[in-house]
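Asker: The structure that follows is given in the form of structure tokens.
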DNA sequence: TCCAACTTACCTTAACGTCG
DNA sequence: CGACGTTAAGGTAAGTTGGA
């Protein structure tokens, strides 16, 4: 490699070998012609011939070569005579030894030096006007057919390198024999007859899908194409390869080589082509896009991707059944499943006889791996024993209430208030890291999922059962359990937790109720224990409750109605307040909440504008502890149950402690003519049915979730007046964010 | 190393759905 | 009604395998 950096001129001017290891140190000195002995005047007759120089010696040798061997070409051909296999070696020992030593690099001058000398020799380059001038690096003309040395050498090297690159890409199309986990050739499908065919599964598809892993593999197993593509793709600085921050060339090399590999062998799709094709399917890429990427060799064909997905499902289900069976064998239930209904309305747009619009109804489910479970957690007998004890009688709203760690929730809420402030105020940006660290601290984290935990899931096949019908739900559950390999025998002595939304859970409990008289635990569904509605579903019903209670009419007069906030923020008011879209509604509510929190902060700083307050602030900025302490007070004052009571009662408000006193502002005047406003509001009331509902609900606090216990519904007026022992809690109230204590 | 049989991927075709 | 999109079927090309 070093020779690339050597100045070829050194070799022209230094025919004699230099001492070992000092190639660079010796300065290039011009060769001065040495006068021949005959020209030197002498007075004394010499006894020995004067010592010849190298130039003289080579002159003599060349004379012999020319005379006896017919020229340099023939001499070199004889010198490097390649004995055909099976023939006798006619060379003398001296001949053999010298050539062996030279070709083996045992001499001071090695072949590499000679190549440089020949390649860079002035006479090796064809003159400008000759045809051979254009044959440099030619792969079409054989190097043996060329006259000049330089094009012959470059063409020979090109063909040699191309051959090797081709061979190495060819090697890359096969599984690495030294690596048993290598899945270069991963089949999308197989009928099982092909020996050792590796069929795709999710693990194999994803475990090698890493650019850095592929780069390592390509550079190790295909060093020549790797070097070539690096030279072609990498930017350089002062001759050295630079890895760019954006669009690094290694990724491009991986992409290019993956395409080359697929082009050579379409079975070699395991690196990039198969995962990318599956990804394109998942992205619902346009069919033309898939075709084009397939033509470029970036991905396999769409039909292969579909075959692969079939294989993934088959192998996935097979693995699921295996894992379930392994658990059952040691008396453990390692999986649970969550189900929901799926519907698709298929309208017949092309009307023909005997066709009509249909609603396709069915049930879909996903199996979920349970991790970190206590041994015996899914033991049926233990569960039945506990049910028999009827301890549930002891559980009341109060006991649940007392189970809540209110101090923790208060602390966490206050920290959220700090977070809202420091993310909004640029001058407090330096505290953001500290706030994040506080959220991650041991004190503020309760029962977190382990970092890097990825829940293992396996989709189950859908069926055409109606989950709303009790019998349909029963058949659906039996079908999903069967897919998981759970029959009566496997379920013996174990419980499983089927999960779903409110309606699904209700249907499951209904099944258990109707079948409760059956003696078999399995047939009575006693070993199916639904844990309660999914959290995402309860969040959604809660969001519906807040929406229908707090949005108010579209033109609400109440400045605290969410409709007002929505108008101010330019957010969309949900069309159906009882069935809101989860994300847009929750995002707008978070936005309103954070805006109001910032306003509370503004009041606490005594500022008219919080941004101006901080940009013109000359005193030292508060640290995290100060802000957190202030936030605790603010949360108590503005966002606790006690604050809510205070806002409703003048007496409470007046007798509040210093910390809880809300500073009085100026009285509010309507910005527009109140009469005109009233008229507009009335108009809207006539147009919108649900607005009347909204008004009524905002005053009575109706829980729209039909599964919520009825006793929780209470009168807000009563909530305001009643006092309980829990109101003496330090942070200002029992419910905090929780429900009222109206049952006291 | 070659060849035939077999396997697997590619790609066109066509049926049918969707949309303006 | 025409254009376009999705999807599965099936023919064909191109690999692999195993034996001579």
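A Cβ is built for glycine as well, from the same backbone N, Cα and C atoms used for every other residue.
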Asker: For the feature region 'Disordered' as recorded in TrEMBL, pick the matching range from A:146-169, A:170-193, A:194-217, A:218-241.
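Answerer: In TrEMBL, the region 'Disordered' feature sits at A:170-193.
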Asker: If you average per-residue pLDDT over the domain 'DUF6589' (A:391-661), what number do you get?
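Answerer: So the average pLDDT across the domain 'DUF6589' (A:391-661) works out to 89.
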Asker: According to DSSP, how is the compositional bias 'Low complexity' (A:173-184) divided among helix, strand and coil residues?
Answerer: 0 helix, 0 strand, 12 coil
